[in-house]
Structures are given as structure tokens and as C-alpha cells.
Amino acid sequence: MSEPGAAGPSPAAIQVSRIMRPDDANIAGNVHGGTILKMIEEAGAIISTRHCNSQAGEPCVAALARVERTDFLSPMCIGEVANVSAEITYTSRHSVEVQVNVMSENILTGAKRVTNKATLWYVPLSLKNVNKVVEVPPIQYARKEQEDEGKKRYEEQKLDRLETKQRNGDVILPVINPEPHTVGYSQSSLIHLVGPSDCTLLGFVHGGVTMKLMDEVAGIVAARHCKTNIVTASVDAINFHEKIKKGCVITVSGRMTFTSNKSMEIEVFVDADPFVDEPRERYRAVSAFFTYVSLSKEGKPLPVPQLLTETEDEKRRFEEGKGRYLQTKAKRQAQMQQQAAQQ
């Protein structure tokens, strides 16, 4: 894997490897999706920060702005090695697109398989002024089409980020004595005080830390709903609307929005409360949709209990989730047909 020819001494690609330990996994031995997302973000942050500092200019740190839809193609298990490879595929004036592949390796047999592919967008923030976005050194492309395709992806994600931010006013309220399989029965929240170990050099939370907490809450929602072993199947685009500063108290909230026969969609919000020397009120920092599947003890997919919607808002969100599900299913079928035609 190689970068399309970077300007300057920036690395073509990097690889980060780590063996999966028991504390990376659930009780069934499947590695948490949040653990993989955190490794993906770390690799992306390293290569984009290196690139943005590859030419003379203002020192900066790359901050995660968005993660495109990510599919978990195969569960990873305790004892396997996660090999995370990252490369820069597009740069605009103020952002960097990083493509990341994750491959699991059985170090006893040497067997390898691809488990994840992800696209991340970073913006470089000045070390001297965290509110200043510095310019990104351009990369050179092997073909003009690569640049045109990258620019199209850039414009699409910018539009989607704006639309997501505009519909981000929802809150999750507690429900008294909810019935099983309702939205209120499985909804969950986690409260976390942001400490130094969670943060970048600029004093803001690593995107990977936030995604790991989001996956943890989404996993609790899914497990409460179906009472079985569950694993992350995919994550829709994660938009980082605002930075979260060290010392903030963050509330990560999740609720079920849609169920198909074998999958569950969970909406997750991250709200930040400035805690020290900050007059600002609580704000929405991150939002995303996670998809989970239920597995038997043998690792086979199980049917998912149907979500019981009670309010008009819950019914509306269910229909919206169904639309996303059908759209994703159609895209996957089209890709499979295209691959079959090429063979």
C-alpha cells in the first residue's frame, strides 16, 4: 500500500500492530468494536500529523473531524494481532483524508484476514492557537482522476456534516418502568470525566477515546435489548461537531432506533459539560449510528427481537432507520453484483 506521491518528506504509509488482550474483548472473547476504532484513529492521527508537519510552517496536531461509514467485516478475537495500515489519499487546503485497513493475524498459524476498512478526515490545529486551522501540504496524484474523486468525497462529507449538525437537537430522557424491547428499556448513558490521558497535546480528547466510549454505550443498549452476545457490525459516519476539552464531563447516551430481523441500529450522542473555568453550557460534541448483530455461542447470527415503538418520535426514527438499512442493503447488493461481473 502506498500513498499517491506526497509532496515533501511525509511517509507513504504507516502500520500499527498490537496483540488483542482479554481487556480488549467482551465475555465471549470478541474484540470490542471501540477498541478497533481507537486503533484506527491513532493510526490516522499519526500519519496526518506527520504529513501536516512535513514542510516548514506552523507546528500543528491533526484533529479528527469525521469517520465515514465503517463495516466490521469479521470479528477479531483475543490472542490475534491487529495490523492497522493507514495512507493519505486526498488533501484539501485545510483537511486530510486517510484510508485505513485493519487485518487480523493469527500468530500461531500465520492466517490473515481483513476485518475493517475506514475513511477518516482530519483538520490540522495550530499548537500555538487551538482555534486556528493551518494549511495542509498538498499531495501529488498518480492520475488526475484520483484528485477529482477525492474532491468529490470531500464535498459530500462536508455537506453531510452540515446536515447532521442541523438535526442534532435531540435529547434522551429517562423512562420510568419501561416494558421489555421498548426504546426506554434498553437506552443507556455513561458519564466520563475527561482526564489528561484521554487528550492530545492540545488538551482535547482523542477521537479514538470518544469512539470507544460510544461503542461501549451502544453495546450495552444492544445487549439489554436482545440478552445475547452482541458484536459491532458497522458504524455510520461519525461527525465530530466540536472539540471536547480536558476537564469536561461528557455524557454518552444511546438508544435503539431500528431493528431488522438480524440487526439493531443504535443512535449515540456525546454531550460535553465544561467543568472548570468555563462559563459555557452543555453542547453536543459528537453523534453517530452504530449497527450491532446478535450471535449465538457458536458465533452464528441470531434473530433480533422486534423493537416496540410507542411514541410518534420513536416511530419516525424507526422509519428513518429502516430507510438507512434498506439503502445500505441496496448498496451492498450492487457492490456484490459489480464484483461478480468483474470476475
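Even glycines carry a Cβ here, placed using N, Cα and C.
Because the structure is a prediction, the values reported are computed rather than measured.
Among the features that TrEMBL reports, active site is placed at Asn26 (among others).
Per TrEMBL, the feature active site maps to Asp215 (among others). Long-range C-beta contacts of Asp215 (active site), restricted to its own chain and to partners at least six residues apart, with a cutoff below 8 Å, comprise His32, Gly33, Gly34, Leu37, Thr232, Val235, Phe290.
Non-local neighbours of the compositional bias 'Basic and acidic residues' (313-323) in the same chain are 183, 257-258, 260, 265, 267, 289, 307; each lies 6+ residues outside the stretch with a CB under 8 Å from one of its CB atoms. Positions annotated as compositional bias 'Basic and acidic residues' by TrEMBL: 313-323.
Look at TrEMBL and you will find 333-343 tagged as compositional bias 'Low complexity'. Counting residues 6+ beyond its ends, the compositional bias 'Low complexity' (333-343) has no Cβ neighbours under 8 Å in the same chain.
Under the heading domain 'HotDog ACOT-type', TrEMBL lists 10-128 (among others).
Per TrEMBL, domain 'HotDog ACOT-type' is recorded for 184-298 (among others). Mean per-residue pLDDT, taken over the domain 'HotDog ACOT-type' (184-298), amounts to 93.
Annotated region 'Disordered' per TrEMBL: 301-343, in sequence order.
Of all Cβ atoms in the shown protein chains, 16 besides its own fall within 10 Å of the Cβ of Asn26 (active site). Within the compositional bias 'Low complexity' (333-343), the DSSP-based counts of helix, strand and coil residues read 10 helix, 0 strand, 1 coil.
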